[in-house]
């Protein structure tokens, strides 16, 4: 039905909002005015998942790649209009390192066309009354640097990353006021170098025979160490050279599950803390406190790189805000010590995490089966961040739910996503609870703006507020959730 398409969106907002609210059972009185006046609402994306114009072949489900993705590179003006239609305050996106520095290094030259694309995008976002939130690195290390010295396994990456970051600060920082150095380094390091299920696909042979080499007991920690040092060096550069005149903020985006003890025992309570330390504290403890969590140091010993006194001083306090990505909560249960000759990041945690206890899920299991819909977990993670990390400024930079890419489903049915409306409404209510309990949360970004390339799952998952028809020239359609959020964010006219 053509009237459900993007072009006619404004004409049917009231009807579909009414239908969506009725279907979801959400509280219509809960809206943007339930939050502090300066609270920022937005949605997010990532360069490789959206832009297209990538050339590397895929080695993931269905053989999918990001070569075309959502073709955001050519359609960004149309897409920024969609953001405006949803009354968003901000748009979160990442900058492709290779699009700016094709050879990965400053000496290899700056791609002026890449710089022009991001300048045009930033200008368009601002022209529509929104704020750009920019991630400098979202998992797309230039292949040239992987081939040259092994990417983040080498300390050489620090200088090249900071050179890339400086190009971004210099070219875009007069308009960009929110920078995140890295997105989810936990995912990049643990799954790229520990399990091999994400790029770069490295792991020990006893973890997976499909990995292209690696050491799951050491490489995740080495790569993470270089990420943290690169982050701190870039923050220092920004603070000393650009922040005094550009007046922006800089931080990092971490991801964490929330964890609940499987049994009410001291052992399982300890494993909850250990799980948080190995996932969340791995990055935030150094950045806030100057060193890795004691649980990591005590177990890993020499496998965990050490900060020099000078490095620790540089890393400590290297943030203006913390971005928090949250998707699920698990039960955590203690397990026996792992075999000393089959160590890996996963076995180092010494935990069994599951969404089920006595056959019952902790929350409804989602289409993405590793995720369980448990909104209180977001509140608990925010409260924990307040307690452990000195009540920092926080932006919830990702939170979302998917449905499957059912090609046999008529588009008119595929646009009915009441589950997403309920998901965001309930999670926002728990964010609101956290704020009322003193957590310094300043914003909330849905994942994601449009259905996109979801890394290892390719195009099987649809997380977007906007439906992408991959069988019809990537045509955009509003899902019901996009109308709901437009209504939720609608400003009063005085």
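Including glycine, each Cβ sits where the backbone N, Cα and C put it.
As recorded in Swiss-Prot:
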SIGNAL    1-28  signal peptide
BINDING   49, 138, 183, 184, 327, 398, 447, 454, 455, 463  beta-D-glucoside binding site
CARBOHYD  103  N-linked glycosylation site
ACT_SITE  184  active site, proton donor
DISULFID  203-211  disulfide bond
CARBOHYD  263  N-linked glycosylation site
CARBOHYD  352  N-linked glycosylation site
ACT_SITE  398  active site, nucleophile
CARBOHYD  406  N-linked glycosylation site
Residue, out of the recorded positions 103, 183, 352, whose Cβ gathers the largest set of other Cβ atoms within 10 Å: 183
Neighbourhood of residue 447 (beta-D-glucoside binding site) by C-beta distance under 8 A, where only residues 6 or more apart in the same chain count: 43, 44, 325, 398, 399, 400, 463
Top Cα neighbour of the residue listed as 'active site, proton donor' in the set of recorded positions 211, 263, 327: 327
Residue 327 (beta-D-glucoside binding site) to residue 203 (disulfide bond) - Cα separation in whole Å: 25
Spatial neighbours of residue 263 (N-linked glycosylation site) that are distant in sequence (at least 6 apart) but have CB under 8 A: 333
Cβ-Cβ neighbours of residue 184 (active site, proton donor) (radius 10 Å): 24
Residue, out of the disulfide-bonded residues 203, 211, whose Cβ gathers the largest set of other Cβ atoms within 10 Å: 203
Cα-nearest neighbour of residue 103 (N-linked glycosylation site) within the listed recorded positions, 183, 203, 211, 352, 406: 183
